[in-house]
Amino acid sequence: MKNINPTRTAAWQALQQHFGQMKSVHMRDLFAADADRFSKFSATFDDQMLVDYSKNRINAETLEKLQALARETDLQGAIAAMFAGEKINRTEDRAVLHIALRNRSNTPICVDGKDVMPEVNAVLAKMKQFCVRVIDGEWRGYTGKAITDVVNIGIGGSDLGPYMVTEALRPYKNHLTMHFVSNVDGTHIAETLQRLNPETTLFLVASKTFTTQETMTNAHSARDWFLQAAGDERHVARHFAALSTNVQAVAAFGIDTANMFEFWDWVGGRYSLWSAIGLSIALSIGYDNFEQLLAGAHAMDRHFASAPLPQNLPVLLALIGIWYNNFFGAETEAILPYDQYMHRFPAYFQQGNMESNGKYVDRDGQVVDYQTGPIIWGEPGTNGQHAFYQLIHQGTKLIPCDFIAPAISHNPLGDHHGKLLSNFFAQTEALAFGKSREAVEEEFAKAGKSAAEVQHIVPFKVFEGNRPTNSILLREITPYSLGMLIALYEHKIFTQGVILNIFSFDQWGVELGKQLANRILPELEDAQPVRSHDSSTNALINRFKAWRA
């Protein structure tokens with residue numbers, strides 16, 4: 001990849017000038033001036049997904065200039081480099097090939113001259129065989145009973161992705177009950193184990209190195225709980241499997257290495273649900289549905305790799321995001337799924353985006369002089385409407401929003417889905433067009449109120465509008481369409497990282513806190529006052545020790 005400071009490009013300078021023209025333009029006027037605006041600023045993908053980006057503060061010239069920025073920063077060269085297996089994660093000297101995990105075309109993808117697809121396919125075949133045995137009841141616990149519950153023990157990418165997908169695809173789940181334990185807080189594992197029978201529980205320990213502090217602490221607590229009932233350590237192998245690459249540590253734990261599912265250093269944690277880390281997904285919805293998830297993502301991969309910039313959906317969404325973040329000064333983006341099954345989707349891409357692009361040093365090692373990754377947050381609709389939409393509508397912060405909804409509900413209960421989707425459509429309309437003072441006064445007049453009677457309340461009922469949104473309407477949330485949607489956001493993040501000249505696939509920002517925690521932990525084990533830190537940290541530790549004594 002080329003290292004190009006985006007602010008030094010001619011395209012960036014042109015965008016700054018263009019922003020001066022666009023910053024006060026209202027969407028009401030953009031729509032009034034062009035009856036075909038929706039058709040020009042929307043696209044349907046694979047007859048499964050409609051992406052409407054017409055309710056943004058952009059025009060055709062905006063998109064042309066943003067695409068010029070993508071070309072000038074060599075986005076297409078970077079896309080080709082990723083798909084070719086080049087080591088674009090330079091700080092860790094690694095390729096970035098989550099796209100290989102879902103390469104349903106099975107075309108060769110090489111790293112260091114070696115095609116990775118035979119190994120990918122071998123692990124998938126092993127996952128399929130394992131899933132069939134567990135789901136069909138062939139896999140038996142130490143007392144001969146079939147498995148009823150599966151506990152995924154992981155953290156970060158080893159937890160957020162599988163948990164999000166199994167929740168999103170609950171309509172496809174089988175008889176197995178899934179549980180996810182991530183937090184090192186003992187409450188998480190303790191509350192989970194209270195509900196389980198050791199005779200019928202299978203644990204998946206998800207840690208590439210098998211040394212992750214939170215994961216291994218929880219795994220050992222689960223093992224201790226299991227052995228209190230089972231007694232014999234040989235039974236561990238019937239109730240624990242590993243998603244790891246550390247053969248020695250897995251064997252030492254008591255897991256049969258035949259039940260160790262590997263992945264590779266070119267799989268980043270937050271992009272790993274497509275790998276063996278997704279075993280909990282495959283166990284929950286069945287391997288055939290897991291393959292459909294991979295297939296949907298692969299369809300979006302092919303689109304991203306081949307579509308011209310003006311039609312490339314991940315690229316368009318990424319460029320619009322850069323427009324708001326760097327020119328309008330928007331600091332956050334909200335992801336708002338109007339589907340309760342998708343309740344963890346915002347949290348998943350909170351990690352996906354913020355861990356990828358939350359960087360202030362560029363690919364040349366220089367501190368940036370522009371904005372990189374935004375803050376990502378969100379909640380399912382309509383809950384959010386009764387919590388934080390007030391600020392989105394009438395606050396002083398500009399918050400671009402992605403609204404996501406399925407046309408077809410898995411639970412067509414009465415008129416619930418119609419009411420849900422009426423809110424979905426209404427919110428984007430209200431955010432875009434608002435309500436003028438004249439409209440408010442007219443509304444009061446129709447209710448028989450005079451201008452004098454209502455003048456004190458009118459300002460509070462005015463909505464400025466001009467608040468940007470993207471609407472992503474899915475035909476139905478299926479494994480295939482969910483795979484497409486996840487890959488859409490993954491490639492949006494990649495695109496922004498390339499253009500903003502940062503490394504999106506490392507996460508050095510999580511290391512310092514870990515190092516300090518490892519230093520502090522031994523200091524908590526005795527009653528001696530701590531004086532080795534700053535005054536605040538010393539005081540906090542010493543109060544903790546005093547209260548715990």
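Quick reminder: no glycine exception, Cβ is built from N, Cα and C everywhere.
Note that the structure is predicted; figures quoted are calculated from it, not measured.
Record features (Swiss-Prot):
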ACT_SITE  Glu355  active site, proton donor
ACT_SITE  His386  active site
ACT_SITE  Lys514  active site
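Positions of the features from Swiss-Prot, shown on the structure.
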residue: Glu355; record: active site, proton donor; contacts (Cβ under 8 Å, 6+ apart): Gly156, Arg270, Gln507, Gly509, Val510
residue: His386; record: active site; contacts (Cβ under 8 Å, 6+ apart): none
residue: Lys514; record: active site; contacts (Cβ under 8 Å, 6+ apart): Gln213
